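Worksheet for the structure shown next.
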Amino acid sequence: MPKLGIAKDFLADYAKLQKPIQKAVDAAIEKFAEHTHAGLHLEKLANAKDSRIRTIRVNQFYRGVVLAPDSGDEFLLLTVLPHDDANAYAVSRRFTVNQALGVLEVRNQQALDGIEPALRQAAKESPTLLFAKVKDADLVRLGIDADILPLVRLLTTEAHLEALANLLPTPQYDALTGLAAGMSPEQVWDEVSAYLPTGTPPEEVDADDLAAAVARTPDRFVLVSGPEELAQILAHPFDAWRVFLHPAQREIAHRPSYAGPALVTGGAGTGKTVTALHRAVFLARRAEAGALAADDRNDGPAAPSILLTTFTRNLADALDRQLGTLTDDPSTRERVEVLNVDRLAYRVVAEALGRQPNVVDQRELRQLWDTAAKATGGAFTGVFLEREWEHVILAQRLRQPAEYLAARRHGRGSPLRAEQRQQVWEAIRQVTDSLRQRDQHTHLQLADQAARLLAERTTRPYRHVIVDEGQDLHPAQWRLLRAAVAVGPDDLFIVADPHQRIYDNHVSLGSLGVGIRGRSRKLTINYRTTQEILAWSVRLLTGLTPTGLDDQPDSLTGYRSPIHGRRPIVRSHSDRDTEYGQLADQISRWLDGGVEPHAIGVAARNGHLVRAIRDKLGAAGIPVSSTTASKTNAVRVGTMHAMKGLEFRCLAAVGVDASTVPAKAAVTAASEDPIAHQHDLQRERCLLFVACTRARDSLYVSYVGHPSPFLATI
């Protein structure tokens, strides 16, 4: 079989095709394996900017675009498009190898040639040039090639440079934007070198060695080992698309070692989860190769063990599926255990007790809190008492009334006098005593108990712990994870986004023995969502500045997407039946356009709406499933909470009206606790933001009557 590489753009375009066209593409590609190149209808275009560009006939209306060197058997599948679009792409693009980085680059040479006369005229009329003070040698050292250099010398303003953003090779454009921002060549190199998959530049770069260049560009291309791997990728193109790693992510995930806990932050879609998954596989493969044999931490297990964990079971299941997409090597896979933090706590306590602990039902727990509240004579509500227990007493491990009387109540708005604290303590003790008498536990109690049990051991169950969605974990859960791994290099690797905090936990890692100073990185480029969807969604968070896990304000400055597409659709309806009918019509249009059912998601604020939507879509003949179903070809319908960690080509957020979002039951009254009230509203905003940023290509938002107040900022 010829050496075959697949571009990430090819997978995105292939996933959008209707099934009959996908089958025609499959048939054309199979000819590679048969070595019947004549049957591929490889056609050379006379006016192509790159002499190696060919097109493949898929059917009467579609063609694939291939990079096919004049000699050798290396081919790159670049894209598949309607006939005229494919030809337009083929004649305009040119592929080169960056001489500083060794990576394969693509430029729109036709557009660059077309813009050159206007830039030349502007340069003649301008007294200054943008890069007049930058030496040619520095530009070349940063990867600016001989063909781009003359064009660079014509630029007069940053606006002219920005006009080239989608025309220039990305590494070269990034280098130029850094220089234009006033960075030194050395500082720019530190940024650009993130494109190096190994962290160091190649000793020698052969401009004609396509296979070597592709191997150095794993964020844009994947090499296929044979027909079976090719078939597996094409069977699930969207899944394969998701696990590509951008150089900035690769630098973080494949760093040889961190001296201690490391934190990666970034907005939705910036690849935090993908980075965490690749870090898990990197550590597993390193362990497999025996790199940990010299590890001097004698309190660890004999065999390396890696925990990949997150907040909910749904998220853990999604991580497990994605890990399977990333690696099918059994020995690598066995070294990574995927477990949500509640299940970890449950297992640790069960092993210590020799039996399964009893977890209290949420409805029963609510009754206990309401009963305790009544005993205070109505001075406090059950919700207030529960939050005081979780976010002050349990969070700080307060065991005695005196400790509570002296404690800081960070994040709690209603000040309490000493006698009120005593009253609250007694009410909370009534609940905890009832739980103890019934031999019942909450999940947070189990986490606290499990942390104590592990801390008392002389060995730790894991060598490395990787945490996804870290912003949602409670202090008790952080203490558990801290106790699950010995302190040392590469102990904790955490990814988080305070703007996606949808559970009521606010944590400072430093106060919990997780020091991240000097080991924090931020991702700012969204590779999932179009700029149009991203800009719309970010406006939902107008005015919010959440606090990060490092106790510092977190912002979305620099958060952007290089992908462009359609604007989100927002629809108002007079009643629910009309809203559901229009939703069914929209989903049908997506399906008719070639979107796979499982690549479509529908999010609603509560379970009542979710059940109604499933019924209506099912009655309309649209296959539906829950968000937890892993092996199904159906539209996934779930709550906004259940959407966390998932991705869809198309997503509909339904019922975003004033009566539903924010959910009244989820918001503390301002009169009861003004700070909790603001936190609750912020959490509800973040929840809508999370749901909307699950969309990759298309976002549809609908409501009945008056829109949610959160939409007022759009």
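Indices start at 1 and increase along the chain as displayed.
Any Cβ shown, glycine's included, is placed from N, Cα and C.
Noted in TrEMBL for the protein shown:
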- 245-530: domain 'UvrD-like helicase ATP-binding' (DOMAIN)
- Gly266, Gly267, Ala268, Gly269, Thr270, Gly271, Lys272, Thr273: ATP binding site (BINDING)
- 552-578: region 'Disordered' (REGION)
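Positions of TrEMBL features highlighted on the structure.
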residue : record           : Cβ contacts under 8 Å, 6 or more apart
Gly266  : ATP binding site : Lys272, Val495, Asp497, Lys522, Leu523, Thr524, Tyr559
Gly267  : ATP binding site : Asp497, His499, Leu523, Thr524, Asn526, Val538, Leu556, Tyr559, Thr693
Ala268  : ATP binding site : Asp497, His499, Gln500, Asn526, Arg528, Thr529, Ser537, Phe689, Val690, Thr693
Gly269  : ATP binding site : Asn526, Tyr527, Arg528, Thr529, Leu534, Ser561, Thr693
Thr270  : ATP binding site : Leu523, Thr524, Ile525, Asn526, Tyr527, Tyr559
Gly271  : ATP binding site : Leu245, His246, Gln249, Leu523, Tyr527, Arg528
Thr273  : ATP binding site : Leu319, Gln322, Asp468, Val495, Gly645
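Looking just at the domain 'UvrD-like helicase ATP-binding' (245-530), the mean pLDDT is 89. Surrounding the centroid of the Cβ atoms of Gly266, Gly267, Ala268, Gly269, Thr270, Gly271, Lys272, Thr273, where the record places ATP, the chain contributes additional residues within 8 Å, namely Asp497, Leu523, Asn526, Arg528. Secondary structure from DSSP puts Gly266 (ATP binding site) in a beta strand. Classification of Gly271 (ATP binding site) by DSSP places it in coil, neither helical nor stranded.
Summarising the environment of Lys272 (ATP binding site), the number of other Cβ atoms within 10 Å of its Cβ, over all protein chains shown, is 25.
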